[in-house]
Each structure stands twice: as structure tokens, then as C-alpha cells.
Amino acid sequence: MRKTWGSRMQIGLLLLPGVLIFGIFTLYPIAKLLIMSFFKWDFGSILNQEFIGFANYGEVFRDPYFHTVFVNSIVYTLVTVPAQMLLGLLTALFINSINHFRIGFRVLYYLPVITSWVIASLVFKYVFNTEGMLNYFLTDIIHVTSRNIRWLDTRWGGLTIAMLLGIWKGIGWNMVVFLAALQTVPQELYEVASLDGAGSVRKFFSVTLPSIRGTVLFALVMLTIGGFNVFTSIKMITDGAPGHQTDTILTWMYYKAFSTGKFGYSAALSFITAVVLGILALFQFRLMRSRN
């Protein structure tokens with residue numbers, strides 16, 4: 001009995017630092033944010049907060065910009081997530097099929113992932129700016145047009161550039177994830193499929209895809225969360241211009257908190273986003289489970 005109690009105490013002491021860190025840096029901020037969402041927590045009332053219940057949540061839904069930023073986040077996610085997964089999977093299949101220069105290709109495709117979001121965003125902004133490299137190439141070198149194209153001056157133009165950046169940076173991460181999954185598929189399954197006369201396409205849909213279904217779900221959930229949390233590329237490339245038309249949920253949340261001082265509004269918006277992401281993740285898990 002004493003040995004059992006002693007082992008439990010030892011396990012508890014080993015877990016205590018991790019539990020404390022998780023509580024201080026994760027649970028406490030979440031609880032604090034939830035409390036803030038029910039108070040009038042502005043620059044002018046930081047020392048005199050007023051409990052207003054669900055008023056901040058009501059303000060979020062009544063805000064005309066909320067629809068814009070929510071649609072922008074959905075469009076960004078719907079475009080970038082499938083593109084990243086498809087291109088990452090194709091890249092992984094290519095690398096998995098070759099015997100030479102495999103490490104070199106892996107490094108090459110993974111370089112965008114380790115590139116700073118700030119640096120990559122500034123490069124894209126420089127390339128697609130009205131006076132940028134792309135317009136210089138089109139007007140002065142190949143003479144396709146005589147006028148500079150204003151790539152970043154429209155809502156969908158700015159979002160498209162940000163989505164291209166997100167896809168470019170996400171291919172490498174998906175490649176690594178899918179490549180690791182592909183290398184766990186037993187070769188015996190492919191040999192049996194070959195004996196049955198299956199070609200490459202049939203092997204992919206009958207052997208490869210079912211074997212990596214769990215990895216596909218993991219990538220789908222992680223990329224969906226990342227898509228809704230896009231911030232740096234939008235902030236650096238368009239900063240919401242023109243007129244907050246390219247803002248996403250996170251950039252709008254940042255603007256409302258640190259430019260207008262409405263921390264209660266931003267806290268409410270963050271919890272609304274968390275609920276939406278939780279519902280999406282649950283739906284994705286249930287969908288994959290039903291298919292299994």
C-alpha cells in the first residue's frame with residue numbers, strides 16, 4: 001500500500017511542473033479572456049470595468065464588418081486548405097517514388113515552411129505592389145500591358161495574394177506529414193494489389209489513401225484551424241486595406257483591441273471563433289469516422 005502511494009506521489013510530483021505551466025499559460029488566459037468578454041473592458045474603463053453580460057457578443061453579430069471578416073476567413077480556409085493538402089500529397093508521392101536526391105527534394109520543398117512569415121509577406125508585397133517587380137516585368141520587359149496592375153488595391157486581389165502565400169508556405173509541411181505516413185504503408189499491400197492487376201491510380205485509391213486516412217484527418221483539422229487564424233500575411237501585405245475589406249477574424253480582432261481599445265469585443269469575438277472551430281473539428285472527425 002505504501003509503495004503504491006509512494007509511486008503515485010512520485011508520478012504526481014513529476015506531472016506537477018507541466019500541470020502548473022499549462023494552468024498558468026493556457027487555462028488562466030482562457031478563463032481571463034472569457035471573463036473579459038462579459039465586461040465593458042475598454043481603454044477608458046480598464047480600472048472600472050462594468051459587467052454587461054452578452055452585450056459584447058451582441059455587438060459582434062451586429063457589427064457590419066463581422067460578416068466581411070468572417071467570409072474572408074472562410075474563403076481563405078476553403079481555398080488554401082485543399083490546395084495545400086493536394087499539392088503536399090502530390091509532392092510526397094513524388095519524393096516517395098524516387099530513390100535519388102530524396103533528401104535534397106525534401107529540403108527544397110520544406111524551405112518555405114521555415115521562412116519567416118514576416119519576410120515572406122514582405123517579399124510577396126514587394127512583388128505584387130503597384131510599383132513592384134511583377135508590374136515591372138509585365139510593363140517594361142515583356143510589354144504585356146502599358147499600365148501597372150493594382151494587385152493589392154481590391155478585396156479579392158489582396159486576399160488572393162495572401163492565399164498564394166499561404167499555399168506556398170504550406171506545401172512543405174503537408175509534404176513532410178504525408179511522406180511520413182506513406183512510409184508506414186506496408187509494401188505487401190501494394191504487392192497484393194499488383195497481383196490483382198491494379199494500376200497506379202487504383203493502388204492509390206484502394207491502398208494508399210485508406211492507409212493514410214488518419215493523417216489526412218489530422219492535416220485537415222490543423223490546416224482548418226490555421227486558416228481561420230491567419231494573421232501575419234494579411235497584416236503585412238494589405239493591413240486590411242482597402243477599408244478593412246481584406247481583414248480576417250484575427251486581424252479584425254487585433255484592430256478592435258489595440259486600435260480602438262475594445263478588449264471586451266475582441267474577447268467575445270475570440271470565443272465565437274473558438275466555438276466555430278470546435279464545431280468544424282467535431283464535424284470533420286465525425287465525417288471521417290462515418291466513412292471508416
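Glycine residues also receive a Cβ, built from the backbone N, Cα and C atoms like all the rest.
TrEMBL does not curate its annotations; it predicts them automatically.
What TrEMBL records for 12-31 (among others) is transmembrane segment.
The domain 'ABC transmembrane type-1' annotation in TrEMBL covers 70-284.
If you look up TrEMBL, you'll see 74-95 (among others) marked as transmembrane segment.
Per TrEMBL, transmembrane segment is recorded for 107-128 (among others). When Cβ-Cβ distances below 8 Å are used as the criterion, the transmembrane segment (107-128) is approached by residues 91, 95, 134, 151-152, 161-162, 164-165, 168-173, 175-176, 232-233, 235-237 of the same chain, each at least six residues removed from its ends.
What TrEMBL lists as transmembrane segment is 156-182 (among others).
The transmembrane segment annotation in TrEMBL covers 212-231 (among others).
Note on the transmembrane segment (263-283): residues 33-34, 36-42, 52, 56-57, 59-60, 66, 221, 224-225, 228, 249, 252-254, 256-257 of its chain, located 6 or more positions outside it, place their CB under 8 angstroms from a CB of the stretch. What TrEMBL records for 263-283 (among others) is transmembrane segment.
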